[in-house]
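Student: Dropping a structure here in structure tokens format, bear with me for questions.
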């Protein structure tokens, strides 16, 4: 039995490196002060293969900011030489990405089956959606809202006590494949809803008076790919005629200033906006569902990582939303509540000025559909681990995020429209 468990451990650990192994890859953080520094990074990106972690692309780099990016092992010396010769201040956040990837799995022996305190692959999450619905029929129902490019079923969980004409909160996770903490939170939220209903006054009130539409993984194809082939994959896995490059950035594919700023029309770019708004089956499924339930959905919450931010519209424009003061006040209260548990500090504000301009985002689109409480959460951390947050941080991350989500939900309930 012990030999079997060890085999399972080794198999799981190696599965994430069956394609890209990331041995010797480094993640750098560069301190950008001015336009000259930005030009130098553009020059570097044109000669070396750089995987931008924050922001998503070199085109989104702003003065007086920090830039995190991954470099393949064979390019690390050249990149460090370039940064040093040009006076760009930097530090190495991750000196060997493979070691960090293996360390994200805290338990040496991986249990089979679903766990809320570990990262689960799609097969496990899919089975969990069926099980959690069948075990809690008075609180949860599961429905299919579409299929992905590769034919995987997109499952949605409706969480709430049965009732007619109930207002709703829509929450999705897993837009970007490598942001594993995001689907972990959606699963945690469902667990907490079931566990605390009838025991905790706020959750009981929420589920009596509201429905939560929870989409645990939007980009299923990409998420699967991060488990089997390339842990750092971001986009979907769709293909298109005339290009050898794969995938679209789902969070550039919505009809909100589509492909106008902070997005690329190059299929090989990490921020490729797609051939048209809602060209991807996944974004179309989300948009269709929301359009069909627009009269009931009062808040839209989309969960990403990393950088510890709570963002609201707009990202495709520097204009402020009509209820900017209200959204700012709500975000301020939510991040204060979040920080009260573990002291985790979040920045908050409109997307374009707080993080970077980006068009085609789901939060902007939802807001423009009339959903006035629309927020993006960028979960832990601020770059020490980035996209490879250890499993030991799942519980504290989810616990504190729950406080913010519940704060927003309480406000929405008190300000129905």
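Just so it is clear, glycine is given a Cβ too, placed from its N, Cα and C backbone atoms.
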Student: Besides 176, 179, which of 64, 293, 304 does Swiss-Prot list for that Zn(2+) site?
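Tutor: Of the residues offered, the record points to 304.
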Student: Can you work out the mean pLDDT of the predicted model over the domain 'Peptidase M14' (118-412)?
Tutor: 98
Student: What subset of the recorded positions 173, 245, 259, 268, 306 lies within 10 angstroms of residue 179 (Zn(2+) binding site) at the C-alpha level?
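Tutor: The recorded positions passing the 10 Å Cα test are 173, 306.
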Student: Residue 259 (disulfide bond) has how many other Cβ neighbours within 10 Å of its own Cβ?
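Tutor: Within a 10 Å radius of the Cβ of residue 259 (disulfide bond) lie 20 other Cβ atoms.
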Student: Work through the recorded positions one by one (173, 259, 268, 304) and name whichever has its CA nearest to the CA of residue 252 (substrate binding site).
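Tutor: Comparing Cα positions, the closest of these recorded positions turns out to be 259.
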Student: I'd like the Cβ neighbour count for residue 234 (substrate binding site), meaning other Cβ atoms within 10 Å of its Cβ, all protein chains included.
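Tutor: Here the count is 25.
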Student: Would you mind listing, in sequence order, the residues at least six apart from residue 245 (disulfide bond) in the same chain with a Cβ closer than 8 Å to its Cβ?
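Tutor: Spatial neighbours, sequence-distant, of residue 245 (disulfide bond): 267, 268, 272.
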Student: I want to verify one value. Collapsing DSSP to three states, which class is residue 304 (Zn(2+) binding site)?
Tutor: strand
